[in-house]
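J.: Got a structure here, written out as structure tokens. Questions coming.
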């Protein structure tokens, strides 16, 4: 996962996942404009494995995080994106600079599937757990990327056991996914969420906090 070679950055000419646009509008009599990205909504799933007394998370390499880290540590590294072709990122960082811990998640990009069905699909593909929509509890729906994308994300929760894991997870190879399943013991969950040196998403921090306050007190963890 962390063996990243030949990283280069260029212009995004076309993408099935995002499209840059500008909204022109008048507010309180003043003409304004705002650049944004049209993207898909998404779902996340917080899984608690009662057999292992652990939260089920995923870890994967995120190219955007990697490129952002290069620019953060070496300002100006992304300046070449306005050139004709992709330019190699220099200096290169180890692949670990782009690896993050996240909740199981996926885009809502398949017409006809409910949010629950998308969540079940992702839980199987990424983590190997077979779920039914009725297994899911909706935790919250919120806006993400309000300054850039304006997309919505819905978080679900479910309890699983080892018996429900009948697949390896790891994502879809044909889509280039390379995902590692991570089991986070409850005993260290809060410390994990609080540690600023562990690269993780806000969803993980929120999910751990929500679980420990709303679910854990009602569980028999003896």
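Positions of Cβ are set from backbone N, Cα and C atoms, glycine also.
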J.: Which residue range, 73-91, 92-110, 111-129, 130-148, is the one Swiss-Prot calls motif 'Nudix box'?
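T.: Based on what Swiss-Prot states, motif 'Nudix box' spans 111-129.
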J.: What parts of the chain pack near the motif 'Nudix box' (111-129), using Cβ distances under 8 Å and only residues at least 6 beyond its ends?
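T.: Result: 43-45, 47, 56, 58, 104-105, 135-136, 154, 156, 158, 160, 164-172, 177, 179, 181.
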J.: Taking every residue in the motif 'Nudix box' (111-129), what is their average pLDDT?
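T.: Within the motif 'Nudix box' (111-129), the model's average pLDDT equals 95.
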